[in-house]
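Only one structure is covered here, and it is reproduced in the block below.
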Amino acid sequence: MRVTDATPAPVRRPAIGEAPEVRDRRSAGPARSGCRFGRGPGRSEGKGGGDAMPELPEVETVRRGLQSSLSGRRIAAVDVRLPRLIRSPEPEAFCRRLVGRTFGRIDRRGKYLLLALSPDVLVVHLRMEGKFDLVPAGTPEPPHVHVVFLLDDGRELRYRDVRQFGTFDLVPEAHLAAFPPLAALGPDALDPAWDLPALLARLGRHRRRPIKALLLDQTIVAGIGNIYADEALFRAGIHPRRPAGSLRPDEAAALWSAVRGVLEDSIARGGASVRSYRGPNDALGYFQLALAVYGREGEPCPRCGTAIERTVVAGRGSRFCPRCQPEVGAENGRAPSASTERPPASAAGALAACRSARHSAASAAPAGEGRR
C-alpha cells in the first residue's frame, strides 16, 4: 500500500520497492486512491535468540539518530509492504493520516520510540530485529524492508525487520497516556521519577521475587533487559536470584546506582551491538567491548578472576560471578529466611549511602575497552 502527498517531492525518485523480491510478492489488485494492497512476505524466523531485543540504550541511540535527522521533515509518501506490522489504525488510514505530517520531537519510553507527528504520535517497538535506515531515494534496498516513508527532501526512512515482529501504532497525542502498551509500563529506568525511593518501594512490595526478575519486569521499571540486568547486578555485587526483600540498604543504593551507571555508559558508546543490533544506517555500538559478565560464561571475572557462571532466572539466561555475587542474603552467610530477612531501609536511610554506592558501582566496571 502506498499513499502520496498531493505536493510532489522536490526530486524525482523511482517507485519505492522496485526490488523484485518485494514487489513479486505483492498483490496485483487495482489501486484505490493511490493505495496498493498486498499480503507481503510470510514471517521469517531469521537468526538470533531471546537476548537480541534492543534494550533502553540501543533504543535511545536510535532515538537520538532519528531526532537529529528527521526533525522538521515532512512525509510526502508512505509505502507499507507488510500491513500486519501496522496495529492501529487500519493500514490504509495509517498511511492517509501520515502523508503531509511533519516530524517533531522524538521521545522514548522504555523500549518504545515515540515520534511526534501532530496531532498524532507514531509509537514504534523494534522488537527483536527492527532497524531504521535514512537514505537517498533510489538507494538499492537490502532485503526485508517493510515500511518506507518518503520525506520532502527526497530521502527515504526505511524500516527493515528480518523477523517481522516490530509494531507501529498511530495514536492521537491526547490519548497517548492511556494507550495500553504505554500505560502498562513502570517508570523509565532513566526517568527522574525512578529514583532510589521508587526502587525501595518496589523492593518492599515484591520481597520474595528474585531481584533479576524484578529488573526485567517492564511494569516495575521500563527499559532494562537481559544484558543490562546482568551487568548492573554484577556492578552492585548482587546475585540474580537474591530475593528482592533480602537486599540491605547499601545494596539497594548500589543497585540503583549501578542500573543508572551501566545504562548511561552504554548510551555513551552507542549501545551494545550484540548479535544483530545496529543503530540507524547500520551504525555499530561499542558497549559490547566493555561487558563484564553478559555472554562471558566460563571466562575469568574481570574483578577477581573466578570463572563467570550461567544460571536461569525468570526463564532467562543469567551470568554472574559466584565470588563477587554470592547467593547469600544475610551477613552470617546463610540464605535469608522469613525470620532473618532484613527489610529495605527507609528512603532517607538509603539515600545517605547512595553517593558512595554510585562511586563504588562505577569503579566495578572492567577497565579499558577490551573484552577477553
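The first residue you see is number 1, and the count goes up from there.
Glycine residues also receive a Cβ, built from the backbone N, Cα and C atoms like all the rest.
Unlike curated entries, TrEMBL annotations are predicted automatically.
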From the ranges 192-218, 273-299, 327-353, pick the one that TrEMBL records as region 'Disordered'. 327-353
Work out how many Å separate R163 (DNA binding site) and R316 (active site, proton donor) at their Cα atoms, rounded off. 20
Across the record's DNA-binding residues H144, R163, R207, the largest CA-CA distance in angstrom? 44
If you measure between the CA atoms of R207 (DNA binding site) and K111 (active site, proton donor) and round to the nearest Å, you get 26
Counting each residue once, how many in the domain 'Formamidopyrimidine-DNA glycosylase catalytic' (54-166) are helix, strand and coil under DSSP? 26 helix, 46 strand, 41 coil
Indicate the candidate from K111, R207 with the smallest number of other Cβ atoms within 10 Å of its Cβ, considering only these recorded positions. R207
Starting from the Cβ of E55 (active site, proton donor), draw a 10 Å sphere and report how many other Cβ atoms land inside it. 24
